[in-house]
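Student: Before I ask anything, let me first share the structure, which is written out below as structure tokens.
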């Protein structure tokens with residue numbers, strides 16, 4: 001740790017405290033994540049270390065770079081590139097108004113980061129505005145990729161904040177244990193709607209039951225035909241048969257017709273029907289978009 005000088009505490013992440021720090025040799029500003037482990041007596045599980053070391057190979061401009069892994073006497077500190085703010089803070093500063101072109105740019109960058117990681121069989125599993133970081137150049141980067149697999153997703157953060165269910169798909173809420181890339185695509189859909197509404201969450205549920213009700217009230221309760229595997233999921237229980245909202249115009253009024261179509265393809269209750277990141281990048285919504 002002598003290599004890095006702590007400058008200030010940035011906040012509490014899902015896995016522990018995050019500090020802004022400076023590399024004493026290069027003077028580069030970095031973010032240090034001290035990972036607190038539940039079973040501190042055991043030290044760092046070797047499986048977690050293996051997973052984390054794989055993440056150092058994820059090099060893409062829309063992924064927060066993991067520079068270094070510092071492992072000493074039962075402590076694990078991850079050294080990441082530093083970004084100025086997360087999407088949640090960005091929303092707070094934009095006063096309920098977000099330019100449609102910025103929405104499109106952020107969504108494109110989010111999908112680019114997802115496509116890259118998914119092509120390497122790395123899932124995020126806990127995407128939310130707090131782990132989408134934005135630097136001074138308006139570049140969006142996905143943080144905490146792969147950490148869920150290495151450490152599991154705790155029920156509570158270390159700041160005692162409950163880990164949010166707002167971005168979880170119905171299959172996961174019904175107890176699905178076999179995750180695929182579709183879990184991240186649902187989260188991307190929720191974030192897309194939140195971008196379009198300048199920071200208003202789409203499904204701000206209070207618990208699993210409320211979360212599923214909010215989803216089904218908007219999208220319609222899936223039938224056995226629409227989602228055959230649903231009733232076999234471990235925590236499945238029947239819900240009232242809500243009809244689907246005919247149009248998303250009132251839900252995301254500032255999103256154009258092609259944007260609403262992309263959103264509908266991301267928010268499919270049946271994970272098999274959800275669009276993948278590569279397909280989403282080819283969607284007509286991005287036809288007139290010129291990546292920087």
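Cβ from N, Cα, C; glycine included.
Checked Swiss-Prot, it gives:
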DOMAIN    4-286  domain 'Protein kinase'
BINDING   10, 11, 12, 13, 14, 15, 16, 17, 18, 33  ATP binding site
MOD_RES   14  phosphothreonine
MOD_RES   15  phosphotyrosine
MOD_RES   17  phosphothreonine
MOD_RES   46  phosphoserine
MOD_RES   56  N6-acetyllysine
MOD_RES   72  phosphoserine
ACT_SITE  126  active site, proton acceptor
MOD_RES   159  phosphoserine
MOD_RES   239  phosphotyrosine
Student: Quick one, of the modified residues 15, 239, which Cβ has the fewest other Cβ within 10 Å?
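Tutor: Least crowded of the modified residues 15, 239, by Cβ count within 10 Å, is 239.
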Student: Name the one residue among 46, 56, 126, 239 whose Cα is closest in three-dimensional space to that of residue 12 (ATP binding site); these are the recorded positions.
Tutor: 126
Student: Looking at ATP and its recorded binding residues 10, 11, 12, 13, 14, 15, 16, 17, 18, 33, figure out the farthest C-alpha pair and report it in angstrom, whole number.
Tutor: 14
Student: Report the nearest neighbour of residue 10 (ATP binding site) in space among the recorded positions 46, 126, 239, comparing Cα positions.
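Tutor: Smallest Cα separation from residue 10 (ATP binding site) among 46, 126, 239: 126.
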Student: With residue 16 (ATP binding site) as the reference Cα, tell me which of the recorded positions 46, 56, 126, 239 is the closest one.
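Tutor: For residue 16 (ATP binding site), the closest Cα among 46, 56, 126, 239 is found at 126.
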Student: Check the DSSP secondary structure of residue 17 (phosphothreonine), expressed as helix, strand or coil.
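Tutor: Going by the DSSP assignment, residue 17 (phosphothreonine) falls within a strand, counted as strand.
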Student: Using only C-alpha positions, which one of 14, 15, 17, 56, 72 is spatially nearest residue 46 (phosphoserine)? These are the recorded positions in the record.
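Tutor: Among 14, 15, 17, 56, 72, 72.
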Student: Please report the distance from the Cα of residue 72 (phosphoserine) to the Cα of residue 17 (phosphothreonine), rounded to the nearest angstrom.
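Tutor: So the Cα of residue 17 (phosphothreonine) lies 17 Å away from that of residue 72 (phosphoserine).
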Student: Inside 10 Å of the Cβ of residue 18 (ATP binding site), count up the other Cβ atoms and send me the figure.
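Tutor: Step by step: centre on the Cβ of residue 18 (ATP binding site), count other Cβ atoms within 10 Å, giving 18.
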Student: Starting from the Cβ of the residue listed as 'N6-acetyllysine', draw a 10 Å sphere and report how many other Cβ atoms land inside it.
Tutor: 13
